[in-house]
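Since the structure comes first, as structure tokens, the remarks are kept for the end.
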Amino acid sequence: MSLDFKKTLNMPSTKFDMKANLVEKEPLFRKKWLEDDIYQKVLKNNANNERFVVHDGPPYANGDIHVGHALNKILKDIIVRYKSLQGYYSPFVPGWDTHGLPIEHKMLTESKLDRDQITVELLRKKSRNYALKQIEHQKKQFQKLQLFSDFSKIYITLDKSYEAKQLKVFKKLALDGLVYKGLKPIYWSPSSQSALAEAEVEYETVTTNSIYVSFDVTKSTFNKVPVGSKLVVWTTTPWTLIANAAVAISFDITYLTVKYQDSLYVVAKNLFYNDLLEKFQWENYEVVDEFLGKEMPRNSIWYKAPLLDFDAPVIATNYVLEDSGTGLVHSAPLFGEDDFSLTFDNDLKLIMHISDTGHIENSQTKYDSLFYEEANKEIIKDLAEKVVHVYTYSHSYPHDWRTKKPIIYRATPQWFVSIDKVRSKIVSELQNKVKTFPEWSKNRMISMIENRGDWTISRQRTWGVPIIIFYDENEKPVINEEIFDHVIDLVANHGTDIWFSSTVDELLPEKYRNRNWTKENDIMDVWFDSGVSSIAVDIDGGKTTLPFDVYLEGNDQFRGWFNSSVINAVAYAGVSPYINLVSHGFALDGQGKKMSKSRNNVVDPLDVIKKYGADILRLWVANSEYSSDVHISESILVQNSEIYRKIRNTVKFLLGNLNNFKYDKDLKLTSIHHYINEELKSVKKEVLENYDKFRFINVIKVLNRYVIDLSSFYFSVTKDILYIRKENDEERQMVLKNFYEILDFLMLALAPIIPTTADEMYSYFNKENKKESLFLERLEKAGDVSFDEKVLEQFKEFFELRDQVNILIENQIQNKVIKRSNELELVLPETASEFLKSLDLKTLLMVSKISYGKTLQVVKFESEKCKRCWNHFASLNKEYEICDLCFSVLKDTLANA
């Protein structure tokens with residue numbers, strides 16, 4: 001009789017395709033999630049549970065999203081999906097930052113007009129419309145990342161409700177005495193014609209002409225520096241010499257008076273011997289005198305200002321260092337913080353000779369109308385007789401992060417938030433209430449707060465939230481709660497445009513009108529806009545308030561959004577806005593280089609999605625050590641595609657075998673199947689703990705290792721049980737129970753990272769009480785998972801034996817004694833443990849016979865091969881040439897054949 005034995009096997013069967021086709025499937029799943037309202041259903045299901053909210057730092061509403069955006073949003077989405085699966089109430093409200101110079105500048109460029117040629121109202125209208133269009137553009141791009149949000153609720157910093165809440169924060173800070181107007185040097189961008197905050201400054205290496213120039217002493221009552229001596233200073237900004245008003249020395253530095261070519265020069269001793277002698281190339285010099293800075297009496301030395309006709313003092317301070325220069329510092333009070341500090345106790349001249357555009361004006365010199373950089377050359381030329389040395393100097397110099405042009409320190413009247421009054425409270429919140437990942441970043445954040453100066457919040461621009469301050473008839477700022485509230489109500493109803501389109505009296509409460517008051521024209525720093533988001537964003541009708549569970553942004557935000565947010569939140573509400581502060585690095589190319597169009601190394605996330613699908617991009621994010629800079633390239637994406645393929649192949653195998661399986665939670669597992677189940681729990685706990693620590697790379701490592709181990713052992717040794725035995729065989733049911741629980745866990749564990757694939761897997765999963773989507777299921781919490789360590793420990797003995805046996809088998813195959821392990825007989829030492837003897841080693845080690853002898857060895861088994869299971873036996877059923885097991889399985893079939 002002829003029987004096709006292959007048709008009698010329980011072969012895997014599933015319609016789950018090995019080919020992912022993510023590019024085609026992802027839009028379909030996105031559509032399904034939206035139509036089925038999955039996100040809202042999850043929120044509703046979890047509404048009364050413990051909350052865990054990731055607060056979105058708003059990207060700027062301008063241009064296409066880049067790979068840095070993708071990295072950031074995917075990291076957040078992994079957390080939101082994970083916590084939602086665990087039953088937490090985790091609404092995610094995406095935000096956009098919409099004010100500021102880039103949009104304003106773009107509108108001016110498109111209009112082909114200067115600021116003074118376009119009305120404020122028109123410029124703001126154009127800026128608003130552009131920002132709203134950009135939000136819609138970016139929203140569509142973000143949706144392609146398969147984010148767990150339906151984008152029905154977003155926050156935008158130009159919304160009038162947001163602006164009104166922002167002004168409430170400003171009001172409280174002003175009433176609490178934290179806001180003040182003052183003259184002090186701040187970062188000024190001539191290219192933007194505006195003040196900048198620290199977070200708006202980036203540094204580039206530049207090469208400039210640096211000079212050592214001497215100032216002639218005109219008066220002296222300090223005999224160690226006689227009249228006629230020359231004070232040598234070093235500067236990289238010759239244009240500031242016009243505003244020179246003092247020379248600063250240190251109390252604690254030792255100075256020399258050195259005679260060279262009939263002139264006396266004053267320099268710091270250590271710098272003279274260690275640096276200046278070589279630079280100046282002086283020979284035949286003579287040290288005439290030596291003194292400590294503190295020995296110089298106050299107001300004892302005066303010198304002629306280098307470019308203007310007045311005498312200026314030498315002042316001893318505690319901020320001058322001996323690490324570079326000459327130990328004597330040229331001080332222009334309106335162009336440097338330390339320089340400005342000299343004005344507090346000294347009656348110094350305050351000279352402002354630089355216009356908003358960076359041109360010299362009202363300087364009483366011939367340099368008027370020159371741009372400050374152009375003036376440098378002329379000044380060096382004109383001071384030739386006083387210049388001791390000139391050289392080119394490469395150094396890091398601040399630039400405007402938007403225009404990429406150099407900036408300067410320049411004192412102008414600005415509005416500030418005082419940090420000193422809230423500094424200790426902020427530091428306390430960071431130290432005691434905030435967890436950071438990576439851990440070292442807490443010290444970085446604390447250090448920034450401890451060392452930062454007051455926050456310049458005013459900007460001399462048009463597109464932004466106004467500083468709602470009025471000035472009385474004496475030009476003094478009016479800080480009045482009633483007036484603040486009145487204006488804030490106007491903004492809540494009409495938006496901030498009303499500040500610019502209305503007269504002063506139209507903005508004031510009636511009783512304050514007709515007083516000849518004026519209003520402030522400056523707008524707020526955009527970091528103040530985004531920095532109030534923890535207070536201004538309405539997540540769910542006011543139920544969710546700060547502190548939020550997670551802030552997650554690039555590590556450039558330590559001086560940006562992380563900084564402005566904690567200042568505003570502590571000043572307004574007395575608490576940190578975040579509980580967990582997570583930072584990531586920048587996305588670089590495969591060689592670790594910054595991406596740029598000029599290098600032709602830009603990786604566009606939308607191109608990656610078009611080629612590989614968003615799940616591969618998301619897998620790359622999860623599989624990156626994001627706490628540092630991350631690399632992305634074609635080869636790296638291919639590597640992640642391989643991991644994805646292994647996972648998909650594993651799931652296909654599981655689904656195929658689980659076809660028609662009915663899960664029985666009460667089925668007791670024994671032997672290796674019990675071990676596999678305990679191992680699953682161990683892996684589950686490890687994965688969940690790494691999710692909780694935001695260590696997604698470890699999640700991927702653990703899961704990847706797990707599926708490889710499953711394929712190499714459990715899947716291999718159970719194939720005969722699955723394929724050969726009767727469908728309802730008890731041990732076969734044990735294997736399938738494990739498969740079911742393994743697959744159930746894998747889908748849920750992978751869902752935060754590769755949501756489309758995970759939900760696709762779920763759609764093929766045979767499960768009672770199945771939900772519309774995997775994301776309506778529940779994932780356990782790490783604390784609820786336990787496993788029997790004794791079982792895992794006990795089986796170590798078996799796996800040590802397996803490693804030894806595999807080496808012996810491999811030798812037999814390489815020596816061409818056998819082709820497959822099931823052609824061998826395994827001889828175990830008679831001293832083998834009772835535990836090993838209790839196991840079905842024939843199945844677990846995939847050999848044909850187990851016997852016992854003096855030593856561990858494998859020998860070729862003289863046998864016959866079963867035509868159905870292909871295993872080897874001493875003898876077979878003569879009629880059908882099959883083994884006893886196969887015969888028992890087919891008994892009824894053969895009888896009826």
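Using N, Cα and C of the backbone, Cβ positions are placed for all residues, glycine too.
For the ranges 59-69, 92-102, 103-113, the feature annotated in Swiss-Prot as motif ''HIGH' region' maps to 59-69. It is 594-598, from the ranges 294-298, 364-368, 459-463, 594-598, that Swiss-Prot records as motif ''KMSKS' region'. Cα separation, Cys866 (Zn(2+) binding site) to Glu553 (L-isoleucyl-5'-AMP binding site), rounded: 62 Å. The binding-site residues shown are Glu553, Cys869, Cys883, Cys886; of these, the one with its CA atom nearest the CA of Lys597 (ATP binding site) is Glu553. Residue density at Cys883 (Zn(2+) binding site): 24 other Cβ atoms are found within 10 A of its Cβ, drawing on all protein chains shown.
Here the Cα atom of Cys883 (Zn(2+) binding site) is found 63 Å from that of Glu553 (L-isoleucyl-5'-AMP binding site). Taking the C-alpha positions, the distance from Cys869 (Zn(2+) binding site) to Glu553 (L-isoleucyl-5'-AMP binding site) comes to 57 Å. Sequence-distant contacts of the motif ''KMSKS' region' (594-598), counting only residues of its own chain at least 6 positions beyond either end whose CB sits under 8 Å from a CB of the stretch, comprise 66-67, 586-588. Below 8 angstroms of C-beta separation, residues 95-98, 100, 102-103, 106, 131-132, 134-135, 137-138, 141-142, 156, 554, 586-587, 595, 602-606, 608, 632 of the same chain, each at least six residues beyond the ends of the motif ''HIGH' region' (59-69), sit close to that stretch.
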